[in-house]
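The next block holds one structure in the form of structure tokens; read it before the comments.
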Amino acid sequence: MFNLKNRNFLTLMDFTPKEINYFLDLARDLKRAKYTGTEVQRMKGKNIALIFEKASTRTRCAFEVGAKDQGAHVTYLGPTGSHIGKKESAADTARVLGRMYDGIEYRGFGQEIVETLAEYAGVPVWNGLTDEDHPTQILADFLTIREHFNKPLNEIKFAYVGDGANNMANALMIGAVKMGMDFRIVSPKEIPTDAALVAKCKEIAAETGAKVTITDNIEEGVKGCDVLYTDVWVSMGEPDSVWESKIKLLTPYRVDMNMIKMTGNPDAKFMHCLPAFHDEETAVGKEIKEKYGLSEMEVSHELFESKYSIVFDEAENRMHTIKAVMVATLGDQ
């Protein structure tokens, strides 16, 4: 039994492979308990603050439902619902909320903000997404891979295809090297992955048996892969001005049925943290169609709706894994 009580959850860099497996095992057990109606509440009477400086569907719902299932109460502080960063510093906000709440979630901008909250709050702080990292998403991804593949994570070959500089590329690389995976980032050279992070991850890979490959060659990058993963080409907070250049660079990297076939693996799966621009059924999708003539962006509609896609299992698992993080760090054992 691992005791992760009162630990912050800021990045998977802070956790050992055994601790990450513990989160995944706990999430699996909590999911089974919810499905069978045998869930035991371990956070009764706890109060949790959810700070969201960026919009959210899955992360907010996962924290709210997970907390409610476990008997905790939540306060949602949206983009206009608190003074953090505007009238009050992150350090001061942390010291106020830490007096009132048992745990604090933060979704927003710089990684340094969530780290400051953790330094000053005196209660567990959980990273719901920053510009640099998205660790709760990675737990959901790895639980989903466990459910769909009859082999351990250290035998998985995984390619992230698209914007190699965004927070999902970073977060997946960190998680993958911790768990000993064969991990590839397949991205244009013009969008480089953070060199210091790559170097750090290669150091970890040397200890865990993982492999890290950064390439702009799609065929080489996806060959033999079990999982192809992508994310939006323009992340929250990036200016509209980057759309045109990103589309030009990344259109050849759209994940589609042909790319799945390039893996040579009939059991390969497609994953995406969502939301995905795979059709014209959203305001942004319509705008992209009008401006750039594209009816799909980072993933083809055909692949998104195909048997290879496990994106909605992945989305559901956000709740089970986030619940596991809260129970492990805050719950009564």
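The backbone N, Cα and C atoms fix where each Cβ goes, glycine too.
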Same-site carbamoyl phosphate binder from Arg28, Arg32, Arg318, given that Swiss-Prot records Ser56, Thr57, Arg58, Thr59, Arg107, His134, Pro135, Thr136, Gln137, Cys273, Leu274: Arg318
Cβ neighbour count (within 10 Å, all chains shown) around Gln137 (carbamoyl phosphate binding site): 26
Which of Asn167, Ser235, the listed binding-site residues, has fewest other Cβ atoms within 10 Å: Ser235
Cα separation, Arg58 (carbamoyl phosphate binding site) to Ser235 (L-ornithine binding site) (Å, whole number): 16
